Amino acid sequence: MSKSDIWKDAAEIEAAIDTMTERLRERLERRGIERPLMIGIHTGGVWVAERLHARLGLAEPLGHLDISFYRDDFSRVGMHPQVRPSYLPVGVDDRHLILVDDVLQSGRTIRAAHNVLFDYGRPASVTLAVLLERDGRELPIAADVAGFEAGFGADEQIKLSGPEPLLMLRARRGANPIR
Amino acid sequence: MTTPNPQLDAHGRLKHFLTIDGLSRELLTEILDQAEGFLGVAQQAVKKVPLCRGKVVANLFFETSTRTRTTFELAAKRLSADVLNLNISTSSTAKGETLLDTLRNLEAMHVDMFVVRHAESGTAHFMAAHAAPHVSIVNAGDGRHAHPTQAMLDMLTIRRHKPDFDQLSVAIVGDILHSRVARSQMLALRTLGVPDVRVIAPRTLLPTRVEEAFGVTAYHDLSEGVRDADVVIMLRIQRERMNSALLPSEHEYFQLFGLTEERLATAKPEAIVMHPGPINRGVEMDSQVADGRRSVILEQVTNGIAVRMAVMSMCLGNQHLGSQSQEEATHA
């Protein structure tokens with residue numbers, strides 16, 4: 001991989017996650033939330049959530065969601081080849097959740113994640129934390145906490161590579177697809 | 001030139017699920033991986049995912065089967081599909097005509113998938129050959145030929161206990177000759193790389209040349225056949241075989257081929273015991289074994305729903321992709 005493929009390197013990402021940690025801590029204090037339940041979305045969201053979870057010192061185990069079964073493009077793209085079971089360590093009923101993903105673009109993944117969560121129960125609240133909030137919203141969904149905010153061309157693809165080190169890779173769609 | 005597999009589309013994706021025969025290890029593994037993901041759905045408060053919302057699945061059972069039909073129905077409902085259950089008594093004289101008429105009528109009602117059980121071997125293939133291009137067929141058991149979803153739920157059950165197929169010894173005991181389940185199991189086990197597959201049965205209930213045809217080893221002595229096995233799969237004995245001179249009596253069959261704790265002792269200490277159900281207790285196995293610590297029979301039932309969800313969603317998901325290649329879905 002050439003250097004020009006990297007949009008944000010490991011140090012920049014770790015610093016952004018530090019900033020996200022502080023913002024989440026302030027938000028939780030402000031709202032009087034003491035025992036939030038953190039849930040990462042496969043795959044990149046889980047990597048970011050693992051770091052946030054450790055830095056916030058949360059007591060509850062980290063949950064993870066796979067939204068493949070809730071996609072709204074199933075009849076167009078078929079089954080996602082690598083489905084992992086979702087895992088929620090405790091019930092979500094009446095709990096304050098922090099939902100974590102790597103990139104928020106169209107909002108469709110978060111919409112699907114909401115549907116998954118509500119099939120497990122009825123949370124008290126959901127806070128959305130993403131590493132990158134970028135242009136391209138298709139649904140009225142926004143992040144509560146974002147590590148980076150940036151605009152890109154519609155043909156540009158940004159993807160988190162990990163789990164160690166975390167790198168944000170940039171490629172033009174179709175020309176040099178990120179795998 | 002090889003004949004194209006009627007179950008696969010031009011890109012090798014599953015379109016119908018008719019038999020294990022001709023499917024690759026990779027595809028069988030994909031079915032198992034997908035099923036593993038679906039197992040979690042039963043843990044949710046709402047035991048449903050919206051994946052196949054808007055699809056219509058018709059359970060077309062020309063042969064009665066409460067258990068299999070129920071698990072297919074539940075699988076389709078957990079995928080949010082609409083389900084039609086049709087129990088159709090078969091006419092022996094005009095089967096072909098009846099089948100095609102039924103198929104055409106239901107296609108006109110915009111059914112997307114037919115789950116078919118029939119006493120005649122080859123029915124599922126026949127329907128797949130005549131179905132409209134956008135319709136999928138899943139074989140829920142045809143004659144003595146195949147019962148591929150049963151075999152795959154057995155493979156999932158085995159994998160969850162013994163993950164390395166390349167190291168396993170698996171014994172299948174009972175009426176191999178008449179069993180579509182056994183045929184599909186032998187094919188699935190060998191395709192998934194199980195090096196040692198044994199079939200144990202009286203000589204009257206073993207197909208000729210079974211060893212060459214399926215790459216298995218035949219035994220006629222139960223204790224010898226299950227020695228050091230990791231998995232022992234018992235098959236259901238149809239009581240009518242007792243009256244057709246293929247078997248002497250239930251009592252004598254149990255004496256020779258019934259699984260008891262004593263006979264199971266020759267298998268590996270952590271060997272698991274399976275049965276497709278319903279069990280004839282005291283014929284195929286002792287209640288002590290059926291309800292014992294090594295029995296995974298009820299897990300098979302649970303896994304059956306997940307496997308059927310996997311197969312249905314893979315076939316339905318591939319229906320409208322046409323000739324385009326499956327692109328990596330955008331995750332944002």
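Heads up, the Cβ atoms here are built off N, Cα and C, so glycines get one too.
Taken from TrEMBL, the feature domain 'Aspartate/ornithine carbamoyltransferase carbamoyl-P binding' applies to B:15-159.
Taken from TrEMBL, the feature carbamoyl phosphate binding site covers B:Arg67, B:Thr68, B:Arg117, B:His147, B:Gln150, B:Gly277, B:Pro278. DSSP assigns B:Thr68 (carbamoyl phosphate binding site) to a helical segment in the three-state reduction.
Mapped onto three states, the DSSP output places B:Arg180 (L-aspartate binding site) in helix. There are 20 other Cβ atoms within 10 Å of the Cβ belonging to B:Arg180 (L-aspartate binding site). The feature L-aspartate binding site is assigned by TrEMBL to B:Lys95, B:Arg180, B:Arg236.
Taking H, G and I as helix, E and B as strand and the rest as coil, DSSP gives the domain 'Aspartate/ornithine carbamoyltransferase Asp/Orn-binding' (B:167-314) the counts 64 helix, 24 strand, 60 coil. Per TrEMBL, domain 'Aspartate/ornithine carbamoyltransferase Asp/Orn-binding' is recorded for B:167-314.
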> Excluding B:Arg67, B:Thr68, B:Arg117, B:His147, B:Gln150, B:Gly277, B:Pro278 themselves, which residues in that chain have a Cβ inside 8 Å of the centre of the Cβ atoms defining the carbamoyl phosphate site?
Replying inline: B:Ser65, B:Thr71, B:Gly141, B:Val181, B:Pro276
> When the number of other CB atoms within 10 A of each residue's CB is tallied over all shown chains, which of the binding-site residues B:Arg67, B:Arg117, B:Arg236 has the maximum?
Replying inline: B:Arg117
>> DSSP on the domain 'Aspartate/ornithine carbamoyltransferase carbamoyl-P binding' (B:15-159): how many residues come out helix, how many strand, how many coil?
In response: 66 helix, 27 strand, 52 coil
>> Quick check on the binding-site residues B:Thr68, B:Gln150: which one has the highest count of other Cβ atoms within 10 Å of its Cβ?
In response: B:Gln150
>> Return only the integer: C-alpha distance in Å from B:Thr68 (carbamoyl phosphate binding site) to B:Arg236 (L-aspartate binding site).
In response: 14
>> I'd like to know which of these binding-site residues, B:Gly277, B:Pro278, is least surrounded, judged by other CB atoms within 10 A.
In response: B:Pro278
>> Just to verify a number: CA distance, B:His147 (carbamoyl phosphate binding site) to B:Arg180 (L-aspartate binding site), in angstrom, no decimals.
In response: 6
> Could you tell me the C-alpha distance between B:Pro278 (carbamoyl phosphate binding site) and B:Arg236 (L-aspartate binding site) in angstrom, no decimals?
Replying inline: 7
